[in-house]
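One structure is given here, and the rest of the page talks about it.
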């Protein structure tokens, strides 16, 4: 990875490799997942193996954290097995955004089937909850950035993997680069390297790297994350 220095010594920061989970059948069908617990498909498992092989060669991983949803946890298990047979530590705060009544719907049909939820989901405001128990973008941001900060505070001087979801990764990007333009695509098993320093300084060393995948190894649409299924 061009910008990262995984082999540097005397780190005064936590280096956190944030990886989006592998593909699911719902990703391929453009169905909205949110908190619904969909497992990886065969393509997603192959993607997970590829990113695991890559990380096992590039970095000395100390710990692997994951969302407790199956698609992230299975991806994390594959990475952990390749990186020294590590245990996967789950954290519910790394879950995707709860998308309320949008969950389980095909994205293109959501506006007709759940118009109120779709209106909230499409709002430019960040404080709007989605009907059906869904979260606002502000709630997602507070939840997942706090989770990554806790991990960073605990692992200064170490390299840690965190496997999570598209909407979460968008929020983490916003935390590190608040003035940058909004991110449109978070590809399956993309690698994103954050450094968390003392205090509240976050930097991004690598963003959206899928060099471990060939052109047929990921969805070109990048379907998932805060605009879609995660």
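For all residues, glycine too, the Cβ spot is worked out from N, Cα and C.
Caution: TrEMBL annotation is automatic and unverified by curators.
Fair warning: this is a prediction, and the values are worked out from it, not measured in the lab.
These features come from TrEMBL:
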- 20, 21, 22, 23, 24, 25, 26, 27, 71: substrate binding site (BINDING)
- 21: active site, tele-phosphohistidine intermediate (ACT_SITE)
- 96: active site, proton donor/acceptor (ACT_SITE)
Can you grab the distance from residue 22 (substrate binding site) over to residue 96 (active site, proton donor/acceptor)? Cα atoms, rounded to a whole Å.
14
Students should find that the Cα atoms of residue 26 (substrate binding site) and residue 96 (active site, proton donor/acceptor) sit apart, in Å rounded to an integer, by 14
The residue listed as 'active site, proton donor/acceptor' and the residue listed as 'active site, tele-phosphohistidine intermediate', Cα-Cα, nearest whole angstrom:
11
Among the binding-site residues 22, 71, which residue has the fewest other Cβ atoms within 10 Å of its own Cβ?
22
